[in-house]
C-alpha cells in the first residue's frame, strides 16, 4: 500500500504497531528525491573543508545516513505513534545535521551569520516543537509537520556548521553556546521526565498499543533528550576542544623549524 506524502509520519497514516512495524517505511518520491539529490551533492568534492576530501565525504555520507534513518526508515512512523520514538527521531535528525556540518565546506558568507542567532534558532525550535499545541499540530497537519522538520534541520545545520568552522577568536563563544544548548535541552528533557501528567494526549493510544502507559512513554522521551542528547552536545564540545588543541600543537611544531632556520628561537606559548 502506497501512502501519499501528506499522510506520512503523521497520525493520518496507519500507526506503527508492534506487529509489522519494521515494514512501515516512508518511501514517497517526494521524500526520497531530495535525499538522493543531497547524496549526489555530498559526493562532490568539497572546497576548503579543513579535512582531507575522503574524510570530509565520509562525514557527509554518515550525516546523510542518519537523515535517512530519521525520515525514511520505520522510525519516522514510530515517531508518530510513540513520544519516545519521536524524541529519538529528533535526536537522530540533529545528529545527522551535525555530521553534515563537519564535512561541508564553509561558504564564504558564513561568517556573517551570528553564532548566537543560530544557537537560539536551534534551541528555540526544539522548545517550540514540544509545546503541547505545536506538538499536536505536527501530528495532525502534514504541512506543519514538514515545515517544523525542515526548519529544525536547517537551524541545526546552521548552528553546527557555524560552531565547527568558527574562526579562532570565536572558539570560546562556540564552547559557551554548545554548553548552553546542553543545559537548556537537559532542562526540557527533565521537564518531560518529571511532568506529573501526559502532555501529548494524541499519542496515548499508540503508547497503550505498545503496552506503555502514556506518562511512561513521555518519560522515556524526556530521558532520551536529557541523557543521550546531552551526551551528544558534550561530545561535540569536547571534540571541538581536542581538535583545536591538536591544531595549535601542529602549528607550534611547524613554527619551530622555521624559527631554527631563521636563527630565532621559537616563541614560547603559555
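Here the Cβ of each residue, glycine as well, is placed from N, Cα and C on the backbone.
Note that the structure is predicted; figures quoted are calculated from it, not measured.
The region 'Disordered' annotation in TrEMBL covers 251-270. What TrEMBL lists as transmembrane segment is 20-40, 61-80, 86-106, 113-131, 143-161, 173-200, 220-245.
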Contact call for the transmembrane segment (220-245) and the transmembrane segment (113-131): at least 3 Cβ pairs under 8 Å, seq gap 6+: no
Contact set, same chain, for the transmembrane segment (86-106): CB under 8 Å, 6 or more residues outside the stretch: 42, 46-49, 51, 55-60, 62-67, 69-71, 75-76, 78-80, 126, 129, 149, 152-153, 156-157, 160-161, 163-165, 203, 220-222, 224-225, 228-229, 232, 236
